[in-house]
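Per TrEMBL, the feature ATP binding site maps to GLY19, LYS20, GLY21, GLY22, VAL23, GLY24, LYS25, SER26. Look at TrEMBL and you will find CYS191, CYS194 tagged as [4Fe-4S] cluster binding site.
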Amino acid sequence: MSAPDSLKNVKHVILILSGKGGVGKSSITTQTALSLVLKGYKVGVLDIDLTGPSIPRMFGLEDAKIHQSTNGWVPARYNKDLSIVSLGFLLGSKDASVVWRGPKKTAMIRQFLKDVTWPDLDYLLIDTPPGTSDEHIAIAEELQFANPEGCIIVTTPQQISISDVKKEINFCNKVNLRILGLVENMSGFICPHCAECTNIFSSEGGKNLASQLSLKYLGAIPIDPLFVEMIETQKDSSLLDSYENSRLYLESFKPIIDGVLEEIRE
(Lines of atoms letter the chains of each structure in order from A; the text may use other names.)
(Lines give C-alpha, C1' and ligand atoms only; values in the text may rest on other atoms or scores of the structure.)
Protein backbone atom coordinates (compact mmCIF):
# COMPACT_ATOMS: atom_id res chain seq x y z
CA MET A 1 0.00 0.00 0.00
CA SER A 2 1.10 3.57 -0.67
CA ALA A 3 0.00 7.10 0.17
CA PRO A 4 -2.92 8.54 -1.84
CA ASP A 5 -1.81 10.03 -5.17
CA SER A 6 -3.51 13.27 -4.13
CA LEU A 7 -0.79 13.79 -1.52
CA LYS A 8 2.17 13.21 -3.85
CA ASN A 9 2.84 16.97 -4.03
CA VAL A 10 2.51 17.47 -0.26
CA LYS A 11 5.67 17.48 1.87
CA HIS A 12 4.15 17.54 5.37
CA VAL A 13 0.69 16.63 6.71
CA ILE A 14 -0.47 17.97 10.08
CA LEU A 15 -3.83 17.20 11.72
CA ILE A 16 -5.60 19.55 14.15
CA LEU A 17 -7.39 17.42 16.76
CA SER A 18 -9.37 17.69 19.96
CA GLY A 19 -11.62 15.36 21.89
CA LYS A 20 -13.96 18.26 22.67
CA GLY A 21 -16.19 20.34 20.40
CA GLY A 22 -16.15 24.11 20.69
CA VAL A 23 -12.50 24.48 21.68
CA GLY A 24 -11.58 26.44 18.56
CA LYS A 25 -9.89 23.89 16.29
CA SER A 26 -10.86 25.87 13.19
CA SER A 27 -9.45 29.05 14.73
CA ILE A 28 -6.17 27.25 15.49
CA THR A 29 -6.13 25.74 11.97
CA THR A 30 -6.66 29.20 10.47
CA GLN A 31 -3.90 30.78 12.55
CA THR A 32 -1.54 27.90 11.81
CA ALA A 33 -2.15 28.32 8.07
CA LEU A 34 -1.69 32.10 8.19
CA SER A 35 1.47 31.77 10.27
CA LEU A 36 3.01 29.25 7.88
CA VAL A 37 2.20 31.45 4.87
CA LEU A 38 3.80 34.40 6.65
CA LYS A 39 6.95 32.28 6.99
CA GLY A 40 7.03 31.75 3.24
CA TYR A 41 5.51 28.26 3.00
CA LYS A 42 2.88 27.01 0.56
CA VAL A 43 -0.06 25.71 2.57
CA GLY A 44 -3.26 23.74 2.03
CA VAL A 45 -6.19 23.43 4.42
CA LEU A 46 -8.54 20.44 4.25
CA ASP A 47 -11.69 20.96 6.32
CA ILE A 48 -13.28 17.60 7.10
CA ASP A 49 -15.45 18.73 9.99
CA LEU A 50 -18.46 17.80 7.89
CA THR A 51 -21.27 18.91 10.21
CA GLY A 52 -19.64 22.25 11.00
CA PRO A 53 -17.41 23.27 8.06
CA SER A 54 -16.38 26.75 9.22
CA ILE A 55 -13.07 27.15 7.37
CA PRO A 56 -14.66 28.95 4.34
CA ARG A 57 -16.00 31.63 6.69
CA MET A 58 -12.71 31.93 8.56
CA PHE A 59 -10.93 32.85 5.32
CA GLY A 60 -13.74 34.98 3.88
CA LEU A 61 -14.41 32.45 1.10
CA GLU A 62 -18.07 31.63 1.71
CA ASP A 63 -18.96 32.37 -1.91
CA ALA A 64 -16.06 30.35 -3.36
CA LYS A 65 -16.54 26.99 -5.05
CA ILE A 66 -14.43 23.94 -5.74
CA HIS A 67 -14.96 22.05 -8.97
CA GLN A 68 -14.02 18.72 -10.46
CA SER A 69 -11.41 18.34 -13.17
CA THR A 70 -10.30 15.19 -14.94
CA ASN A 71 -7.75 14.71 -12.14
CA GLY A 72 -10.10 15.34 -9.21
CA TRP A 73 -11.32 18.20 -7.00
CA VAL A 74 -9.57 21.53 -7.58
CA PRO A 75 -9.12 23.52 -4.33
CA ALA A 76 -10.34 27.07 -3.83
CA ARG A 77 -7.54 29.64 -3.55
CA TYR A 78 -7.18 32.26 -0.82
CA ASN A 79 -4.03 33.47 -2.54
CA LYS A 80 -1.18 31.91 -4.51
CA ASP A 81 0.27 30.34 -1.36
CA LEU A 82 -2.91 29.06 0.34
CA SER A 83 -5.36 26.48 -1.07
CA ILE A 84 -8.52 25.32 0.70
CA VAL A 85 -10.97 22.40 0.41
CA SER A 86 -14.12 22.15 2.51
CA LEU A 87 -17.53 20.54 2.33
CA GLY A 88 -18.80 24.06 2.91
CA PHE A 89 -17.92 24.86 -0.71
CA LEU A 90 -20.29 22.12 -1.92
CA LEU A 91 -23.36 23.11 0.09
CA GLY A 92 -26.04 25.15 -1.65
CA SER A 93 -26.34 27.50 1.30
CA LYS A 94 -24.16 28.38 4.29
CA ASP A 95 -27.21 27.57 6.46
CA ALA A 96 -27.67 24.08 4.98
CA SER A 97 -27.30 21.21 7.44
CA VAL A 98 -25.45 17.97 6.76
CA VAL A 99 -27.69 15.10 7.92
CA TRP A 100 -25.64 12.05 7.03
CA ARG A 101 -25.12 8.66 8.61
CA GLY A 102 -21.62 7.45 9.45
CA PRO A 103 -20.88 5.53 6.22
CA LYS A 104 -21.67 8.55 4.03
CA LYS A 105 -19.48 10.77 6.21
CA THR A 106 -16.52 8.41 6.02
CA ALA A 107 -16.99 8.03 2.23
CA MET A 108 -16.85 11.82 1.86
CA ILE A 109 -13.69 12.02 3.97
CA ARG A 110 -12.02 9.27 1.95
CA GLN A 111 -12.95 11.10 -1.25
CA PHE A 112 -11.48 14.38 0.01
CA LEU A 113 -8.27 12.61 1.04
CA LYS A 114 -7.93 10.71 -2.25
CA ASP A 115 -9.45 12.89 -4.95
CA VAL A 116 -8.13 16.43 -4.45
CA THR A 117 -5.50 17.73 -6.89
CA TRP A 118 -3.39 19.73 -4.47
CA PRO A 119 -0.69 21.97 -5.93
CA ASP A 120 2.86 21.69 -4.59
CA LEU A 121 2.49 22.20 -0.83
CA ASP A 122 4.94 22.45 2.03
CA TYR A 123 2.18 21.81 4.57
CA LEU A 124 -1.33 20.36 4.43
CA LEU A 125 -3.40 21.10 7.55
CA ILE A 126 -6.41 18.87 8.21
CA ASP A 127 -9.15 20.40 10.38
CA THR A 128 -11.00 17.47 11.94
CA PRO A 129 -14.31 16.99 13.75
CA PRO A 130 -14.25 16.57 17.54
CA GLY A 131 -14.10 13.19 19.23
CA THR A 132 -12.81 9.78 18.18
CA SER A 133 -15.55 8.63 15.81
CA ASP A 134 -15.79 6.82 12.48
CA GLU A 135 -14.42 9.91 10.74
CA HIS A 136 -11.18 9.71 12.72
CA ILE A 137 -10.76 6.02 11.98
CA ALA A 138 -11.21 6.77 8.26
CA ILE A 139 -8.59 9.53 8.50
CA ALA A 140 -6.13 7.25 10.26
CA GLU A 141 -6.63 4.46 7.73
CA GLU A 142 -6.21 6.73 4.70
CA LEU A 143 -3.13 8.50 6.07
CA GLN A 144 -1.28 5.50 7.53
CA PHE A 145 0.92 5.22 4.41
CA ALA A 146 1.29 8.98 3.94
CA ASN A 147 3.54 9.33 7.01
CA PRO A 148 1.89 12.45 8.46
CA GLU A 149 4.17 14.58 10.62
CA GLY A 150 1.65 14.31 13.43
CA CYS A 151 -1.03 16.38 15.08
CA ILE A 152 -1.60 19.49 17.14
CA ILE A 153 -3.94 18.82 20.07
CA VAL A 154 -6.25 21.70 21.05
CA THR A 155 -7.85 22.13 24.46
CA THR A 156 -9.29 24.87 26.63
CA PRO A 157 -8.25 25.34 30.27
CA GLN A 158 -11.36 23.80 31.91
CA GLN A 159 -11.23 20.31 33.38
CA ILE A 160 -14.24 19.14 31.34
CA SER A 161 -12.26 19.85 28.17
CA ILE A 162 -9.08 18.31 29.58
CA SER A 163 -10.95 15.04 30.28
CA ASP A 164 -12.13 14.72 26.68
CA VAL A 165 -8.76 15.70 25.26
CA LYS A 166 -7.15 12.84 27.21
CA LYS A 167 -9.33 10.46 25.18
CA GLU A 168 -8.08 12.04 21.95
CA ILE A 169 -4.49 11.63 23.10
CA ASN A 170 -5.23 7.99 23.86
CA PHE A 171 -6.65 7.62 20.33
CA CYS A 172 -3.47 9.10 18.84
CA ASN A 173 -1.36 6.62 20.79
CA LYS A 174 -3.49 3.70 19.59
CA VAL A 175 -3.17 4.63 15.91
CA ASN A 176 0.51 5.62 16.25
CA LEU A 177 -0.11 9.25 15.37
CA ARG A 178 2.66 11.48 16.66
CA ILE A 179 1.62 14.42 18.84
CA LEU A 180 3.59 17.52 17.90
CA GLY A 181 2.31 19.41 20.90
CA LEU A 182 -0.64 20.77 22.81
CA VAL A 183 -2.20 24.24 22.53
CA GLU A 184 -4.36 25.77 25.25
CA ASN A 185 -6.94 27.89 23.42
CA MET A 186 -9.27 30.48 25.00
CA SER A 187 -6.70 30.93 27.74
CA GLY A 188 -7.90 34.23 29.13
CA PHE A 189 -9.77 37.15 27.57
CA ILE A 190 -7.94 40.22 26.27
CA CYS A 191 -9.82 43.44 26.97
CA PRO A 192 -10.07 45.41 23.70
CA HIS A 193 -9.72 48.68 25.62
CA CYS A 194 -6.85 48.14 28.05
CA ALA A 195 -5.32 44.87 26.69
CA GLU A 196 -5.42 43.28 30.15
CA CYS A 197 -5.88 39.49 30.07
CA THR A 198 -8.46 37.97 32.45
CA ASN A 199 -8.63 34.20 33.04
CA ILE A 200 -12.37 33.67 32.68
CA PHE A 201 -12.04 29.88 32.21
CA SER A 202 -9.25 29.28 34.75
CA SER A 203 -5.75 28.79 33.35
CA GLU A 204 -2.88 26.37 32.68
CA GLY A 205 -5.08 23.27 32.39
CA GLY A 206 -3.44 22.45 29.06
CA LYS A 207 0.02 23.16 30.39
CA ASN A 208 -0.53 20.86 33.36
CA LEU A 209 -1.92 18.12 31.09
CA ALA A 210 1.11 18.34 28.79
CA SER A 211 3.42 18.06 31.78
CA GLN A 212 1.46 15.13 33.19
CA LEU A 213 1.63 13.17 29.91
CA SER A 214 5.14 14.29 28.90
CA LEU A 215 3.87 16.12 25.81
CA LYS A 216 5.29 19.30 24.33
CA TYR A 217 3.35 22.34 25.49
CA LEU A 218 3.25 24.72 22.54
CA GLY A 219 1.61 27.64 24.30
CA ALA A 220 -1.61 29.45 25.20
CA ILE A 221 -3.91 31.51 22.97
CA PRO A 222 -6.23 34.06 24.60
CA ILE A 223 -9.66 35.11 23.36
CA ASP A 224 -8.94 38.31 21.45
CA PRO A 225 -11.93 40.29 20.09
CA LEU A 226 -9.60 41.85 17.51
CA PHE A 227 -9.17 38.43 15.83
CA VAL A 228 -12.95 38.10 15.55
CA GLU A 229 -13.01 41.57 14.00
CA MET A 230 -10.34 40.49 11.48
CA ILE A 231 -12.48 37.51 10.42
CA GLU A 232 -15.66 39.56 10.09
CA THR A 233 -14.16 42.53 8.21
CA GLN A 234 -12.21 40.76 5.47
CA LYS A 235 -14.08 42.60 2.72
CA ASP A 236 -12.48 45.80 3.94
CA SER A 237 -8.96 44.53 4.66
CA SER A 238 -6.75 41.50 4.05
CA LEU A 239 -6.90 38.90 6.82
CA LEU A 240 -3.27 37.96 6.16
CA ASP A 241 -2.05 41.55 6.43
CA SER A 242 -4.13 42.27 9.53
CA TYR A 243 -2.97 39.08 11.21
CA GLU A 244 0.71 39.71 10.44
CA ASN A 245 0.65 42.92 12.46
CA SER A 246 -1.63 41.67 15.24
CA ARG A 247 -0.71 41.25 18.88
CA LEU A 248 -2.24 37.75 18.75
CA TYR A 249 0.28 36.61 16.12
CA LEU A 250 3.35 38.45 17.36
CA GLU A 251 2.95 37.66 21.05
CA SER A 252 1.03 34.36 21.13
CA PHE A 253 0.97 32.35 17.92
CA LYS A 254 4.37 33.06 16.41
CA PRO A 255 6.14 31.20 19.28
CA ILE A 256 3.65 28.34 18.85
CA ILE A 257 4.32 27.88 15.13
CA ASP A 258 8.06 28.09 15.82
CA GLY A 259 7.60 25.26 18.34
CA VAL A 260 5.71 23.14 15.81
CA LEU A 261 8.38 23.61 13.13
CA GLU A 262 11.10 22.84 15.65
CA GLU A 263 9.33 19.60 16.60
CA ILE A 264 9.01 18.59 12.92
CA ARG A 265 12.70 19.20 12.29
CA GLU A 266 13.75 16.98 15.20
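Counting starts with 1 at the first residue shown.
Keep in mind that glycine also has a Cβ here, set from the backbone N, Cα and C atoms.
Ranking the binding-site residues GLY22, GLY24 by C-beta neighbours within 10 Å puts GLY24 at the top. Cβ proximity to the ATP site centre (mean Cβ of GLY19, LYS20, GLY21, GLY22, VAL23, GLY24, LYS25, SER26, cutoff 8 Å) flags the following additional same-chain residues: SER18, PRO130, VAL154, THR156, SER161, ASN185. Note: the Cα of CYS191 ([4Fe-4S] cluster binding site) and the Cα of GLY19 (ATP binding site) are spaced 29 Å from each other. Taking the C-alpha positions, the distance from LYS20 (ATP binding site) to CYS194 ([4Fe-4S] cluster binding site) comes to 31 Å.
Around GLY21 (ATP binding site), the same-chain residues at least 6 positions away in sequence with a Cβ under 8 Å from its Cβ are PRO129, PRO130, GLY131. Around the Cβ of LYS25 (ATP binding site), the same chain contributes ILE16, LEU17, SER18, ASP49, ASP127, THR128, PRO130, VAL154, each under 8 angstroms and 6 or more positions distant in sequence. By neighbour count, meaning other C-beta atoms within 10 Å, the densest spot among the binding-site residues VAL23, CYS191, CYS194 is VAL23.
Other Cβ atoms within 10 Å of the Cβ of SER26 (ATP binding site) number 21 in total over all chains.
Local packing around the binding-site residues GLY19, LYS20 was summarised as the count of other Cβ atoms within 10 Å of each Cβ; on this measure the leading residue is GLY19.
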